[in-house]
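Some features that Swiss-Prot has for this protein:
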TRANSMEM  9-29  transmembrane segment
TRANSMEM  49-69  transmembrane segment
TRANSMEM  103-123  transmembrane segment
TRANSMEM  137-157  transmembrane segment
TRANSMEM  165-185  transmembrane segment
TRANSMEM  213-233  transmembrane segment
TRANSMEM  247-267  transmembrane segment
TRANSMEM  276-296  transmembrane segment
TRANSMEM  337-357  transmembrane segment
TRANSMEM  363-383  transmembrane segment
TRANSMEM  396-416  transmembrane segment
TRANSMEM  419-439  transmembrane segment
Amino acid sequence: MSTDNKQSLPAITLAAIGVVYGDIGTSPLYTLRECLSGQFGFGVERDAVFGFLSLIFWLLIFVVSIKYLTFVMRADNAGEGGILTLMSLAGRNTSARTTSMLVIMGLIGGSFFYGEVVITPAISVMSAIEGLEIVAPQLDTWIVPLSIIVLTLLFMIQKHGTAMVGKLFAPIMLTWFLILAGLGLRSIIANPEVLHALNPMWAVHFFLEYKTVSFIALGAVVLSITGVEALYADMGHFGKFPIRLAWFTVVLPSLTLNYFGQGALLLKNPEAIKNPFFLLAPDWALIPLLIIAALATVIASQAVISGVFSLTRQAVRLGYLSPMRIIHTSEMESGQIYIPFVNWMLYVAVVIVIVSFEHSSNLAAAYGIAVTGTMVLTSILSTTVARQNWHWNKYFVALILIAFLCVDIPLFTANLDKLLSGGWLPLSLGTVMFIVMTTWKSERFRLLRRMHEHGNSLEAMIASLEKSPPVRVPGTAVYMSRAINVIPFALMHNLKHNKVLHERVILLTLRTEDAPYVHNVRRVQIEQLSLTFWRVVASYGWRETPNVEEVFHRCGLEGLSCRMMETSFFMSHESLILGKRPWYLRLRGKLYLLLQRNALRAPDQFEIPPNRVIELGTQVEI
């Protein structure tokens, strides 16, 4: 989205507030409460309050303002961001071994996101609904059911798209941030002493005074920056400048005022630690605050769900996940998609998490490991891009990496303390996703290599067919080919069993480029291989969905006319059997067979009319 038009800049910035900052913007609901709840062995003491506030503020400055907004967002692929984009950029100018390591890092980062995304909707909505405990303590037993009801409605509306609802996101989130600022400023005015915590020496003093406990407490401080990856991942939707402008003009001031306002309240009334956010508000404002907090957390959850859809589509297009049904919910915006399988799997996981953990404080113990792990990987990948792609001085890049890791590694290490109390959850989910992605990619490669290892030359076969043609039948046949120089299995089996060939034969290859979009001018490449054979290569970006009808429309514009309803599409359908393998590779093979059986069929994947498809089966041992 361009920001060149100055008149549109305020609207784009407002939209960025509504989508990008939902997660990090709802962190004040629970962050300071978890920091000072007594779990680390100290209560609401002046030095502890000042120390935590100083840590939170300077984390927002260093991690969000400097690392992500200033440095990481420089690394874009045609304006797009995200951990898989960073992985792709980092591996462009490196050796094969280094590229493999970077790919593994990127996949781990993507897997971590899947692990955390189960927790974000649960902890966000529950922390808002828990405001009921302040309004009416007798309703505390309704927190879990109400949280499930709210999230059920949210997941149910996904299939209708969020375009209409999304128009409300920005004004609601802007109102939310203004409320954060207003509540915090009101409390700070009553106790301005709290502003001393802006001095970073209070963070240093905190470590010196509380020693080992202060290090472990970093696991709670990191809650203030959860959602920071969204800034980079959503860069393609809004552009760098609007995201930066929204942060420095609205989000950062509002968060700072609210955190320090909560600190001022706790210095004055330590008993407010049971829920310092809601106790900032006067009694008459509690119910309206509860309502807008619930709306803000729903918006934060929506942003995460949309992020999962986008990451899944990117992983599918790059070949790391099996093809699945992707529905476009907007004719105008290609980024608005709905993936039913992912939506309902995520819903089931979120409900299980809510029922199992019962309170947002329990979920806070599960939060942070995957976030900080992704931060470490982002530091390594982004500095690799700076060195290999931007050709920055290696010593300067090394200093940047050391500075980032000096913050990231302590945060990650501190969160490892949460492993047994809930941190195992995102790690387990992330591990499962990593195994699934690497299994699909490696076994798919093994299958393709197995299918084509004994293949003949395509050029030689075409020359032979033109010289001694079989029976020719009227019409056009399209054979889907995974590689441009390989004879499609369906073509070989059609000749073997039916012993006929159509008057025109098109070998069609759909490939994904290392870019989010491919310009229509470069969409289709046509090459005539002989009098009756053509090769068509259609290129798509990883944010685009291939459409065969569109491909042949482009072919018609370039002189190769082809009517969809008068064309036969031949595809091979592999029946896979496992060969002899070690037990661990056999398990991986069985997982691949399960994924293959449930993958979206090629005709549905490429939107080919079912009555024009002929599938020819073949058995392959892998």
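Yeah, the Cβs are placed from backbone N, Cα and C, and that goes for glycine too.
The stretch in 103-123, 213-233, 247-267, 276-296, 419-439 that contributes the largest number of Cβ pairs under 8 Å to the transmembrane segment (165-185) is 247-267.
Three or more CB pairs closer than 8 A are found between the transmembrane segment (363-383) and the transmembrane segment (419-439), so contact between the two stretches is assigned (pairs 6 or more residues apart). Two recorded stretches are said to be in contact when at least 3 C-beta pairs lie under 8 angstroms, sequence spacing 6 or more; the transmembrane segment (103-123) and the transmembrane segment (247-267) fall short of this definition. A Cβ distance under 8 Å defines the sequence-distant neighbours of the transmembrane segment (49-69), meaning residues of its chain 6+ beyond its ends; these are 24, 31-32, 35-36, 194, 196-203, 205-207, 209-210, 214, 217-218, 220-222, 224-225, 228, 231-232, 243-244, 247-248, 252, 255-256, 259-260, 263, 266-267, 375, 379, 404, 407. Taking pairs at least six residues apart, the transmembrane segment (247-267) and the transmembrane segment (137-157) share fewer than three Cβ pairs below 8 Å and do not count as touching.
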